[in-house]
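Reviewing the structure listed below.
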Amino acid sequence: MLRSSRSRLVTRNILLRQFKNGNNVRLMNATRFQHNGIVGNEKLASDSQKFVDESYHWMQYRKQMNDPVSRQRLEQLESQWVKSIQLKQDDKGKDIDQPESENRKKEEEQVPTEEKDNDTAKESETSQQRDSVAETQGPASTSGGASGNGESSGNGSGDDGNNGSGNGKPSKNAKQPFPEVYPQVMALPISRRPLFPGFYKAVVISDERVMKAIKDMSDRQQPYIGAFLLKDSTVDTDVIHKADEVYNVGVFAQVTSAFPSKDEKTGAETMTALLYPHRRIKLDELIPPTSEQNLKDESDVSKSEGVENNEQEVVKASLQKMENMKDVEEDDDENLTGFLKDYDVSLVNVSNLADKEFNPNSPVINALTSEILKVFKEISQLNTMFREQIATFSASIQSATTNIFEEPARLADFAAAVSAGEEEELQEILESLDIEQRLEKALTVLKKELMNAELQNKISKDVETKIQKRQREYYLMEQLKGIKRELGIDDGRDKLIESFKDRVSKLQLPETVQKVFDDEITKLATLETSQSEFGVIRNYLDWITSLPWGIISKEQYSIPKAKKILDEDHYGMKDVKDRILEFIAVGKLLGKVDGKIICFVGPPGVGKTSIGKSIARSLNRQFFRFSVGGMTDVAEIKGHRRTYIGALPGRVIQALKKCQTQNPLILIDEIDKIGHGGIHGDPAAALLELLDPEQNNSFLDNYMDIPIDLSKVLFVCTANSLETIPRPLLDRMEVIELTGYVAEEKVKIAENYLSPSAKKSAGLDNANVNITENAIVSLMKHYCRESGVRSLKKHIEKIYRKAALNVVKQLSIDDKPMENEEVKDQKDIKVKQSENKSSAEASTVESTTEENELIKTQKSHDNKGSLEVPETVSVTVDENNLKDYVGPPIFTTDRLYESTPPGVVMGLAWTSMGGCAMYVESVLEQPLTHSTQPTLERTGQLGDVMKESSRLAYSFSKMYLAKKFPENRFFEVAKIHLHCPEGATPKDGPSAGVTMASSFLSLALNKGLDPTVAMTGELTLTGKVLRIGGLREKAVAAKRSGAKTIIFPKDNLSDWAELPENVKEGLEPLAADWYEDVFQRLFGDVDTNKGNTVWSEDFKKIDEKRNKETK
């Protein structure tokens, strides 16, 4: 009875250790109990396995100990096991004749013997793990053998084909089997692709806690982990914090080797571990790596173990022994994963996943297997690496079985392991437990791999073909060069071609241009230099490689800088400057200013060209200007055909070559004076393509014959008038009008810009030579009355040139020509050289010396500084001595008429030169008599519009006079002649109606008008005053002519409000809606009686004469 109880105690302790460790290796307990006589009992092994299968891990077991039903079942299994052991011992007759003391001694030695066997097994397993990587090359086999392969005598037991035993002693070099059940393991997240059973994978671990845990696991002979694929491939972690971070299906893997390494980027210490997956597992529960969770788990374990109060003292003692880990030396052996909690890593409770049963003879599985093998064969023909992997896998299959069709599951795993599929696809294969579905998914991934391999092979062949072709061409060209070098033939063509290729390598040619260049360079290489086409192609390639393909200057859109530049270059012109700043501000917001064509319209000399230069400076763009005034050949814009001798590209292409940037500012000057269609084409029509933002992105020059992008070019045009610009061309441009300057603006421009520049160019920069403000004002009144400042600039330059002449005369400087001195020096040098010819060496030395002296003399003459004018020499130009410098005045008075006779009125006109005063004169050709017939004669080179205006004004005047003064019959017999002075100047425009009507009425009423009144406006037949244009220019002209009152249409009040104050200053505006407003201002003092009787004496005589004739 004592023997029976002790045997139960030994058995109970062994079973409890197995439950805690989770080490349920098949029949291993039978090997460990050989020394105690417990050998080969199959029922014992079966009951032991049932007992183990009651719980998947140790935590569940301890909870079940509190359940009465589970505890009762445990006692039943224990009783059956002990009973079987006793019956087996009684059947064999062991221990019957032995004394009871000896039996008791054997039973007490059971536990140390078993523990010794465990130590021996662990040493063997450590040796197996160290040599596993070296022994296995390529995919490893997970199939177990049927019998032990170690040599032994006596009874031996098979252990998955890994270990053999004889007399209960395992072989020293035998492999330690991996556990079939391992409920709780450390979890390791894997990124990018999952692991598959039977196929090695190296992972890099950077977490220090995980590295220490793996090292400790290896030292404890338990290097097992659970590897799970991360759902987010961008996450880089070695610890799982939440279960939803990874897929719940992974692999149970063994760390076969681990060695330290370093991160190449950060230099941090890492560990490279080689993992060998054994089987699929499922994540049941995650134990996150938090201290709070660890404390909670320990508290739950303590409570669970504290309530264990079962009837068996042996079970209670074993549980207490496992809790008191510090008091027992075998604590680490009894708890395989408990030590990992100290490293704060993630632990998981897992369960094994087994493949579903399948029919090896299924036609679907066999067909899928055959198709996979076929795809493998095709890939192996394209990819060498695949070929090696397939060979290794085939060798491993042949070592375990003779037919690949017997293991389709391994074939599917191998296909997934070697394919570069998507993460989700590979994970689906790992989660597939149905072999048919796994084969289908593996085949899909493998088909994609085949497509990638075919594409890669095609690309590789194409690249290889190109490389071979280039190498062949290079080899032949080098041979050709060598042959020419030996024959002494060197025409420079090869160097020319190399220079073209070198220039192209620095450019970014579009694909179409690159193709043209390659074709032309190939053609050039086949031509002889003496052929005429060689020169044509050479020039063409020179132009292609000279254009700035892909070169763009960096723009700047600084508003303050642009404003500063505009103020430096121009005075006034506030409206124009604001418009340009708006343009730059829009470019700053958009980051570009392409697609805009600006047209500056204004009289000559107002700064249109200089404004364009200022815009280029403010935008940091290159500037190019060309004029199209009088251009009649379309080839100037579009270029000539290459077939012509001396053919050249158009002006725009030449601008790109000169500026060396694709975004210059090109100024097209005098666009209103461009020629029209003729035998050489229409240049204006060619400009349509050039200036159209929708078309100039692929501008086709006749010479280049390739599309050129001009959309980044900023085009600025200038014109004096919009009348002659073709309407389609005008629609493509944004017009900005530049008006003339008033006297105050001209004075400031002359003082701040024109005078300093002219003074410097005359060499009087440091001289005491000045022009007074009164002189400038007098210069504008009597010499320069144009709207711009070009004539003023010429007169100022003339003044400074005469002043320079006077300064030089005052200084009495010797004016001996410098050239004579140089000639004399050269003659002296030649004489010295001829005298020193006695010695060759002396001659050489002296001639060299003299030549150096001559060079120094020339340099000293060239670098001679400007003349300094003493302060005592002073020249002042004022209004009194102005005529000494520029001659007598051209305009002696401000107005043509100081007092206007009847019929003379000051009108205002707009011309391409700006505004001007235009007088209208009306006179009676002969006195009023009874025989004269009323007629109207017009002179002054009037245009058709002005002729119609005069006829309309004449009719309106007759109607208005008859209405206002019915007794005044002036127009019944008046023979009138209307003239506009300066008959050599053509005149036309729709704004002279009011002026002509006022002239007719002034003559009819025989009243002279105020000479300080200027007027403009067009009349209708009923007397309505219509809107006109160019009010600013006309106001400037009125002020320049000394007018004090300006009459204009009421509809132009908005234009008047926008005029600068310096223009409106001194002018009294009168906005007329009907002619009655004009009449009241001009003839307000004429009463009805006076108007009716002004010609009463003349008409009295006429009536008397007619009465006599009728009698």
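Heads up, residue numbers simply count up from 1 along the chain you see.
A Cβ is built for glycine as well, from the same backbone N, Cα and C atoms used for every other residue.
As the structure is a computational prediction, the values presented were derived from the model and not from experiment.
Here Swiss-Prot flags 1-21 as transit peptide.
Per Swiss-Prot, region 'Disordered' is recorded for 85-177 (among others).
Annotation source Swiss-Prot lists compositional bias 'Basic and acidic residues' at 88-125 (among others).
What Swiss-Prot lists as compositional bias 'Polar residues' is 126-135.
Annotated compositional bias 'Gly residues' per Swiss-Prot: 145-167, in sequence order.
Annotation source Swiss-Prot lists domain 'Lon N-terminal' at 185-450, citing sequence analysis.
Among the features that Swiss-Prot reports, region 'Disordered' is placed at 288-311 (among others).
The compositional bias 'Basic and acidic residues' annotation in Swiss-Prot covers 294-306 (among others).
Of all the Cβ atoms in the protein chains shown, 25 others lie within 10 Å of the Cβ of Lys608 (ATP binding site). The DSSP secondary structure for Lys608 (ATP binding site) is helix. Marked as ATP binding site by Swiss-Prot: Gly602, Pro603, Pro604, Gly605, Val606, Gly607, Lys608, Thr609.
The annotation compositional bias 'Basic and acidic residues' is assigned in Swiss-Prot to 819-835 (among others).
Sequence annotations record features per position, and here Swiss-Prot assigns region 'Disordered' to 819-866 (among others).
Residues or ranges marked as compositional bias 'Basic and acidic residues' by Swiss-Prot: 853-865 (among others).
Taken from Swiss-Prot, the feature domain 'Lon proteolytic' covers 899-1085. When pLDDT values are averaged over the domain 'Lon proteolytic' (899-1085), the model yields 89.
Sequence-distant neighbours of Ser991 (active site) (same chain, six or more apart, CB under 8 Å from its CB) are Leu908, Ala909, Trp910, Thr1016, Gly1017, Glu1018, Ile1028, Gly1029, listed in sequence order. Among the features that Swiss-Prot reports, active site is placed at Ser991 (among others), with the record citing sequence analysis.
Per Swiss-Prot, the feature active site maps to Lys1034 (among others). For Lys1034 (active site), the same-chain residues lying six or more positions away in sequence with a CB closer than 8 A to its CB are Leu908, Ala909, Trp910, Gly915, Ala1014, Thr1016, Ile1028, Ile1046, Phe1048.
Annotation note: Lys1034 (active site) sits in a helical segment as assigned by DSSP.
The Cβ centroid of Gly602, Pro603, Pro604, Gly605, Val606, Gly607, Lys608, Thr609 marks the ATP site; residues of that chain outside this set whose Cβ lies within 8 Å of it are Phe600, Thr718, Asn720, Leu738, Gly788, Arg790, given in sequence order.
According to DSSP, Ser991 (active site) is assigned to coil rather than to any helix or strand.
Counting every protein chain shown, the Cβ of Gly607 (ATP binding site) has 24 other Cβ atoms within 10 Å. Note: Val606 (ATP binding site) has non-local neighbours Leu738, Thr739, Gly740, Tyr741, Ser787, Gly788, Val789, Gly914, i.e. same-chain residues 6+ apart with C-beta under 8 A of its own C-beta. Other Cβ atoms within 10 Å of the Cβ of Gly605 (ATP binding site), summed over all protein chains shown, number 20. The Cβ neighbour count for Pro604 (ATP binding site), using a 10 Å radius and every protein chain shown, is 17. Shown in sequence order, Arg625, Leu667, Asp669, Thr718 are the residues of the chain, 6+ apart in sequence, with a C-beta less than 8 angstroms from the C-beta of Thr609 (ATP binding site). The binding-site residues examined here are Gly602, Pro603; by Cβ neighbour count within 10 Å, the least packed of them is Pro603.
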